Amino acid sequence: MVPLTAQSFIQPGVRVSVPFGRGGRLVQGFIVSLSQEIQFAGHVKEIKEILDLQPVLNPELLQLSDWLAQQTFAFRISCLQTMLPSIMRSKAQKLVVTQDEKIKNSAIFQGQSFLEWTADLPTEVQQQLASWQKQDLVWMQYQLKNHAHHVKQLVLQRLDFDYAALLQQISPVAKKQRQLVKIFVDSDLATISYADLVQKYQISNATANAAVKKGWFVKHNQVRLRNPIATTIFDTKPKQLTTEQQNAVQQIISANDRPILLEGVTGSGKTEVYLQVIQYYLNQGQTALMLVPEISLTPQMVQQVSGRFGEQVAVLHSGLSQGERYDEWQRINQGQAKVVVGARSAVFAPLQNLGIIIIDEEHEASYKQADNPRYHARDVALWRGRYHHCSVLLGSATPSLESRARAQKQVYQLLKLNKRVFNQALPAVHIIDMRQTKMLSDYLDLSQPILRGLQTTLQKREKAILLLNRRGFASYLICRSCGFVPQCPNCDISLTVHLKEQRLLCHYCGFSQTLPQICPQCHSAKLRYDGTGTQKVERELVELLPTAKIVRMDNDTTTRKGAHQKLLTTFDQQGDILLGTQMIAKGLDFPQVTFVGVINADTGLATSDFRASERTFQLLTQVSGRAGRAHKQGQVVIQTYNPDHYSIQLAAQQDYEQFYRREMNFRHQAQYPPYFYLIKLSVSHKLQAQAFKMAYNIAKQLRPLLLAREQLLGPTQPAIGRVKQRYYYQIVIKYRRNEQLFQVLHRIMNDVQQDSRQGFLVAIDHEPQQLE
Ligand SMILES: Nc1ncnc2c1ncn2[C@@H]1O[C@H](COP(=O)(O)OP(=O)(O)OP(=O)(O)O)[C@@H](O)[C@H]1O
Ligand SMILES: [Zn+2]
Ligand SMILES: [Zn+2]
C-alpha cells in the first residue's frame, strides 16, 4: 500500500522496500503498476521506503519484464533487476560474513568468507547461521546503496533557435556575447560547460548567465559522465557500398516489421551494412541498438561504430568498471547516447524511439544467459522490435539453425551476401587426416602442411592465424595412432591429466585412475599428453620458426583489462602468427592474414551435445573466414581425426546451405530444435533420494500433459551429477506448442518456492544451449 504521503509522486518503475510476512522483513521491490483497489484478501502492509524518486525502469522495460518472467520461468523481480546496471542492484544485497576458519570451510560457506543472505536459503542453513550469529561468529553486512559518484557541472544548453540570425542582431560592442553565440553557430554542440567556457574561451560565468537571462540558452546542472571510449575514437568514413551491400541496405530500411536474417559469407562486409543502416535511422531521428557476442573479443567492431558515430555511441560491456557502466547507462537513459553497442545484457538498454536492433554473429551461444533469468538476447530483441515496430536485423555467416529455419518459413526475411567485398574467392581449405599423417614428431602438434603453410606465409611477409580448439577442455591424454581420448566412465567428459600424481582425474565426479602407458583401444604406445595447449604449441613454433613473431591469445594472456585489444594491435603492427583458442575465431579482420591453421578440429565433436556438429561447423567456417579477406587469396589447413564428418567436410567447402539441410535432417529425425522446443528442468537437493523423488514426482505430473510426438526424458542424472554437495536430476521435455504444459510448469515453480525451505532447488532452462 502506498503511504498517503507518497501517493502524489510515486510511479511505476520506482523501487521500494516493503515489510514482508509476519516478521516484517524489508524487501526491495518495484512498483510495476498502481491501482485504486486492493485485490489482495489478506492484510496489506504499507510501503516502508521509497528508494527512487524517479523510475529506474521505463514502461517498456516494465512490460518486457512481465513477458520475460513468463518465458524464462524466472521471478519477475529477477527480470527487473537484470535490466539495471549492477551498481543499482547492489544495494539490495545482504551478505553474511565470517572470519572463522572452521565456518568458512563448512558446507554452508564452502571455503568462502561470505554468503548471500536470501529468502531461499534452506531453513537448516538459516538456523545454523542464526546460531553462529548469536556467538558473534558471523555477522550480516549490507551491501550499501552504492550509487556511482557523479560530478555535476553547470552547462549552457542550446535551444531551438537560429543562432546565426541572432548573431547578426547583437551589437558589435558586446564582444563577449557575440563570441559566445558564435561558438554555437560554428559547432553543433548541444551543451557546453561553464568550465570550458572559462578555460577555452575566456568567457566568464557572468556573460553566460546574462545570455541565459536574455533567453538565448538554458542553464542547468548536468551530470558529468566518463566516456570510456573517448580516447579511442577515430574517424571512419562511410564506404562506397558494393552492389550486394547496397541492395541489402535498401531492403533493410524498406522492410516492414518482419525481422531480417542477413546471411553473408565471411568477409562480405556485413559491418558496413550495419553502419549505414544505423546512419539511416539516426538521420530519421531514431536510435539504434547493436549487440555483439563479447565486446572484448570484438574490439574492431566497437572501434568502427564509435569511429563512425562518435559521442552518440554508448558502449556497454563487462570490462567497464561499475561506475563507468552506470555512466553509460545514464547517458542512454537521458537520451544523450543514440547508438548502443554491447554484449548480451545491453539488449535491455533503455533506448527510446528505436529504429533498428542489430545482432551480429547471431548464432553465438553467449547470447543465451546461463543463469537466472535464462533469457536469450535474440528473443528479447525480437520482443523489443515488436514493441517499437522497428526492424530487427540478425547477421551471421553461419546462422543458427533456429534462425535459418524461421527464414525458410518466411517468419524472417532472408537476405544474402554471397560475395566477399573485393570479390576474393573464399579460402581454399585442405583437410589433414591426423590418423594418416605423420606429425613432425610424436611430440609435436603440427603437421608438415601446417608448417609449410606458415613458412610460405612468412616468406611472403603475410600473416597467419593458428587455432587451438579447446572448447572448455582441460589438458587430456590422446592416442596418436587412433585418436582415443580416455573418458570418465561416469560422465561424458574427458579425463584430465595430473602429471604430478601420474593420474587421470574427472573434475566433475572425482573419478581417478593411473596414467595408462599404452592405448586401451589400439594398444599403441603413442599416448601423448596434450600439455597446456597453446603454451606448448607456442614453444614448438619458436623452435620451428625462430624468426617469427608470435602473439599468443588465450585465457592466460588476456586476464588483464584491455589485453585483447593490445595483443591484437601488436599482431596487426608487428606480429607474424596469431596463436589462440576460440577467442581468435570471431570477427577479426586483418587484410594481411592469408593463412589459417586449425590444430585440432575435433574436440568439439567429442561432446554428446546435440549442437556439437553445428558448433564445429560454425567455428571452422568462421576461423577459415579470417584468411584472404582483402586482395590476396587465403589458404586454410585443418588437422582432424574425423576427416569424413559432414561438419568438417562442409566447413571446408564453406557451404552453409548444404550444412543447414544436412543438419536439419538430423534434427528432424532426432526430434531436436528447431523442430521441437526443449525444456530442461533440474532438481537438486543435498540428499540424492530427495532430489530423485522430487524429479520423479514432477515428471509424473507433466507426462500426462504431453501431446502427440512430444517427449519427456528422465529423470536422469546429468553428466555433472553432483555439484557442491547437491545432487542433481534433470528432466528434458521436447514439445511443440503446449499451453497447458507451460501453465503447469509455472505452477510447479511457484510451489517450489515454498519447498525451497525443505532444501529443494528447481530450475527451468527453456531452450537450453546444452543438454549435458
Ligand atoms: N564497400 C566496401 N568497400 C571497401 N571495403 C569494404 C566495403 N565493405 C566492407 N569493406 C571491408 O571489407 C572487410 C570485410 O568486411 P567485414 O569485416 O564487415 O566482413 P563481415 O561480413 O563482417 O565478415 P565476418 O563474418 O567474417 O566477420 C573489412 O576490412 C571492411 O572494412
Ligand atoms: Zn566423472
Ligand atoms: Zn589408440
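Using N, Cα and C of the backbone, Cβ positions are placed for all residues, glycine too.
Feature list (source: TrEMBL):
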- Cys479, Cys482, Cys519, Cys522: Zn(2+) 1 binding site (BINDING)
- Cys488, Cys491, Cys506, Cys509: Zn(2+) 2 binding site (BINDING)
- 251-417: domain 'Helicase ATP-binding' (DOMAIN)
- 514-667: domain 'Helicase C-terminal' (DOMAIN)
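Note: the Zn(2+) 1 site is recorded as Cys479, Cys482, Cys519, Cys522; in the same chain, Arg480, Ser481, Gly483, Phe484, Pro520, Gln521, His523, Ser524, Lys526, Leu527 also have Cβ atoms within 8 Å of that site's Cβ centroid.
Separation of the C-alpha atoms of Cys506 (Zn(2+) 2 binding site) and Cys479 (Zn(2+) 1 binding site): 18 Å, rounded to the nearest whole number.
Around Cys522 (Zn(2+) 1 binding site), the same-chain residues at least 6 positions away in sequence with a Cβ under 8 Å from its Cβ are Cys479, Ser481, Cys482, Phe484. Within its own chain, Cys519 (Zn(2+) 1 binding site) has Cys479, Ser481, Cys482, Phe484, Ala525, Lys526, Leu527 as residues 6 or more apart in sequence whose C-beta sits under 8 angstroms from its own.
Contact annotation for binding-site residues (Cys479, Cys482, Cys519, Cys522) versus ligand 2: none, no CB falling under 6 Å from a ligand atom. All protein chains included, Cys488 (Zn(2+) 2 binding site) registers 21 other Cβ atoms within 10 Å of its own Cβ. The sparsest Cβ neighbourhood within 10 Å, among the listed binding-site residues (Cys479, Cys482, Cys506), is found at Cys482. According to its DSSP assignment, Cys479 (Zn(2+) 1 binding site) is in a strand. Within the model, the domain 'Helicase ATP-binding' (251-417) shows a mean pLDDT value of 92, rounded to a whole number. According to DSSP, Cys519 (Zn(2+) 1 binding site) sits in a coil region rather than a helix or strand.
Cys506 (Zn(2+) 2 binding site) falls outside any helix or strand according to DSSP and counts as coil.
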